[in-house]
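Written out below as structure tokens is the structure these notes cover.
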Amino acid sequence: MRFDEAYSGKVFIKSHPSFEESKVVIYGMPMDWTVSYRPGSRFGPARIREVSIGLEEYSPYLDRELEEVKYFDAGDIPLPFGNAQRSLDMIEEYVSKLLDADKFPLGLGGEHLVSWPIFKAMAKKYPDLAIIHMDAHTDLRESYEGEPLSHSTPIRKVCDLIGPENVYSFGIRSGMKEEFEWAKEVGMNLYKFDVLEPLKEVLPKLAGRPVYVTIDIDVLDPAHAPGTGTLEAGGITSKELLDSIVAIANSNINVVGADLVEVAPVYDHSDQTPVAASKFVREMLLGWVK
């Protein structure tokens, strides 16, 4: 990678040219094969990179600059269009290689099903893994119209994998009644509507544990993030999400990886959704990578 590519919009701003020297690897997962409403999130990773050139490199939230963190933007995984299972297998294989290389994986989606193979790779490396999940939707279905590979299923899958007591969902305001009932019955940690305040209560309980954080951009109210596939009114503000990212940064949990998914820029001609997403990525880089 040439030096000037760090400001080209082809990679996330200020990306380091060396994979070997970088602690973090940013990678895209341009998949939206299973969405139930509006497609387009496969274009999210590229647009987040493009608009990142408008970011300041300094975070007043964390008093750090991007210069202080070495991260490499690997581009997008070349997923086979329309083949969900093969795409998921490729994501799991790639993330497993990053973990073997002792990298911090930071994924850009893409629909939320892309998180499922990441969860599997993470659980293999970290037996005591916990999940922090911020989203408008429960994502607790076993299947959608008979199809188990759906963006409405990844949190149910990870509950079955690591135990529902190790999964913490915040900002939830949409889902089937049966999903909410199931979460309550099995002891999953599901917090409706809000993110920051319940998160502050949970973080001390997770001190010292390896935690993977997955953020669906639709946790935000559509006024703050119209560019997503399945809009849900009544969400949180971009400030609350920023404050939540900072709260995690200031906690004693061990964040071992993260993703930001469901940005669909085609529905947001002002670019406010990918612009917000790029800022969230900046704070994740500066706050979560130790």
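The count begins at 1 with the first shown residue.
A Cβ is built for glycine as well, from the same backbone N, Cα and C atoms used for every other residue.
So that you can see what the record holds, here are the features copied from Swiss-Prot:
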BINDING   H112, D135, H137, D139, D216, D218  Mn(2+) binding site
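According to DSSP, D218 (Mn(2+) binding site) sits within a helical segment.
Remark: D218 (Mn(2+) binding site) has D135, A136, H137, A225, T228, G229, T230, L231, E232, G235, E262 as non-local neighbours, by Cβ distance under 8 Å and separation of at least 6 in sequence. Counting only same-chain residues six or more apart in sequence, the Cβ atoms lying under 8 angstroms from the Cβ of D216 (Mn(2+) binding site) belong to H112, H133, M134, D135, A136, H137, D139, T228, V261, E262. Same-chain residues with CB within 8 A of the center of the H112, D135, H137, D139, D216, D218 CB atoms, the Mn(2+) site residues themselves not counted, are H133, A136, H151, V219, T230, V261, E262. Within the set of binding-site residues (H112, H137), the lowest number of other Cβ atoms found within 10 Å of a Cβ is recorded at H137. There are 28 other Cβ atoms within 10 Å of the Cβ belonging to D139 (Mn(2+) binding site). In the three-state DSSP assignment, the secondary structure recorded for D139 (Mn(2+) binding site) is coil.
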